[in-house]
Amino acid sequence: MSDSVELFTDGACKGNPGPGGWGALLVCKGVEKELWGGEANTTNNRMELTGAIRGLEELKRPCEVTLVTDSQYVMKGITEWMVNWKKRGWKTAAKEPVKNADLWQLLDEQVSRHTVKWQWVRGHIGHPGNERADQLANRGVDEVRGIKRA
């Protein structure tokens, strides 16, 4: 039987584009692991995707994952849009290249390793896991901007 893991992810950006950060909180059998990072010039959507990718990458064997995000972009992309993007060779219905296709492809690769249940939550309303992921994403932004946290 594979491990059951909760993964809370978030992205943040100060300016869009601008300095951004991603955060991921993994919870398995009561043990928590915090992950975060950032990029100097990025977008909020890229950071949202990166949080999910990095969280899934951290899992070394196939798991049953409940991935919780406040990003409609990530949620709809993975559960609704991606199937058609792949059929069209990573093009939109308007025959334009899919934005952030590099990250969508990485996410698709990571998702294929696990059994993932996607759950959307409204951001910034006090959901504990989402709030923690948001704090981690903002830590990533601060580190990119050279702001140290205690």
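Cβ atoms here come from the backbone N, Cα and C positions, even for glycine.
The feature domain 'RNase H type-1' is assigned by Swiss-Prot to 1-142, with sequence analysis given as support.
Marked as Mg(2+) 2 binding site by Swiss-Prot: Asp10, Asp134. Non-local neighbourhood of Asp134 (Mg(2+) 2 binding site): Asp10, Ala12, Gly23, Asp70, Gly123, His124, each in the same chain, at least six residues away, with C-beta under 8 Å from its C-beta.
Residues or ranges marked as Mg(2+) 1 binding site by Swiss-Prot: Asp10, Glu48, Asp70. In the three-state DSSP assignment, the secondary structure recorded for Asp70 (Mg(2+) 1 binding site) is coil.
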Between Asp10, Glu48, Asp70, which of the binding-site residues has the fewest other CB atoms within 10 angstroms in the structure shown?
Asp70
If the Mg(2+) 1 site is taken as the center of the Cβ atoms of Asp10, Glu48, Asp70, which further residues of that chain fall within 8 Å of it by their Cβ?
Thr9, Gly11, Ala12, Met47, Gly51, Thr69, Ser71, Val74, Gly123, Asn130, Ala133, Asp134, Ala137
